[in-house]
């Protein structure tokens, strides 16, 4: 053994060939600050070996390196910029030393080589992969860009076009695609990976492969003439702005950095990369996006803990077909849980089966399933007009019309037919679970399971705990949601639960703004373009359905009359009274026609302004700041109340529910991250200016206390101040 640390080992293989093996504690290798320092120490030993002829780099685990340790990111980002800069220079010196070894080097890639793992293999002369390998630089998805030379080496290895695509999108590539673009030199069966890597390395040692020629382009300027460069980078910048927009600066920064570095060799190009990385790392967007990644890990860990030792059901059932029931049945069948789909109406069953078939057809078109697989999945959905076989289902999801009497009757009816251990769940969006539980003899076996539309696309499932819901019931439903590929978040019962409870104050703020003379077109534009919502409030209401929103609004007003009751007609009332129900009947705040693919196309409708004139002040222009404040303050206050009342268990779960359930702009990170970025004292001061508008704008006491004590919702990560001093001996 030449060198051994907690994260990697260096030893001789044969005849002057050394092997560097990444083998950190735990299930995966990460390129954390400790591993980077250990790599430097290993190279320090290696550089002293006069008999060294070649180096093979591999992993002892099922993946090479999954990336940096993202749990360290916020601490790194909180370091003073000059400290972070020093550490990046230190880290890049190590990768340069790997690249500059006076012998050929090769990486054997099994599983993932992402982020820093990809940058590590780029520093070797050759790369060989097994078929399941995936290679990529996902940093831009986290609001940053490659920082260990990825933006320098990848374009010089592949050419600018392929490299820009990988870096700007953050998508990884398969082993076969990597071979096509020149990212790897060969793809071999897993059992032959190390042997083939060794063979290739020996060929390089014997002069049969020119390892110096393989290395040279990575040290030199990018080979592009001025015309090619102008075209390549102009097109890339245009695409990035179109896809990422102004709220996500990392992809454009990466493209501009690669462009600026194109005319330089490695040293100057790496300096430019570091100079671009540091400001991105200090940005609010990076903190928010890294926060989402960490929150996602936390939420998934909570689900795993809640359902520990509980298997997903072998058979499920959905009561109520149609689009929603069909969507739930499809998702269940797709993820290998057979499902009974029961309805009292043959047409609804047809609609449900057609929805499942349509979604499977899309999978077929994309090559995700073949015809045989599609048929076998569809065969695991059993449509029925009666309850035959329902007693065999372990979890039953009620998804009938959003009417408390109908839901209660259906739940009581099915409970009489099933065993004492069968779990019942209601896919209700607003009706309190405890209200529905009154119709049941075994309320401990009952909870809410709120799916979001469209089911196949929306990652969140709200699991609602009633007063009598047992832990066993929660565990079964969380296990089922997880098996379905969803992110379950457990919330406590109240009208609207969490997501809809906080959505309707936002929509109420919109309604008041229109009442006071706000133009809904301008409001939508500001909330989409400036704040970053995927849809403005008027457009969202059209998509949800004005009739659905009108009904839910009444439920919320009854549940929280002091804040959500209103003594005036608003824009939703006007649309509802005029039977403008949104996309479902082609007219709401906007008019809808179908495009060539049959998708709804939004158009302005002059009639709407005339209709709204009866309930609103004369049109006036509000500032962007006013529009954002008047719509967002009610939502933010309600989100905070939900945490203070224990409806949600943590800021992390609240923020993920908003991002996954409502499409809250990820670059803000969720309401709690947004508040921390804004500063609670600044928020309270801003909200105070709108307090005259009513109870929705009154800041909760807990948030006022946080503002007084200068507290945040997320712990502030201590800066890693000493990372740049971890120099090899």
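For all residues, glycine too, the Cβ spot is worked out from N, Cα and C.
Just so it is clear, the model here is predicted, and its values are computed rather than measured.
Binding of NAD(+) is attributed by Swiss-Prot to 324, 343, 400, 401, 402, 407, 453, and the same site annotation extends, among 376, 429, 470, to 429.
Using CA atoms as reference points, the recorded positions 119, 324, 400, 407 were checked against residue 660 (substrate binding site), and the closest is 324. The Cβ of residue 296 (substrate binding site) has 17 neighbouring Cβ atoms from other residues within 10 Å, across all protein chains displayed. When the C-alpha distances from residue 324 (NAD(+) binding site) to the recorded positions 119, 139, 296 are tabulated, the minimum falls on 296.
Note on proximity: among 119, 139, 296, 450, 500, the recorded positions of the record, the Cα nearest residue 343 (NAD(+) binding site) is that of 450. Between the CA atoms of residue 450 (active site, for 3-hydroxyacyl-CoA dehydrogenase activity) and residue 500 (substrate binding site) there is a gap of 10 Å, rounded to the nearest whole number. The shortest Cα-Cα distance between residue 400 (NAD(+) binding site) and any of the recorded positions 119, 139, 296, 500 is the one to 500. Across the fold, the C-alpha of residue 407 (NAD(+) binding site) and the C-alpha of residue 296 (substrate binding site) stand 32 Å from each other. Sorting the binding-site residues 453, 500 by the number of other Cβ atoms within 10 Å puts 500 first.
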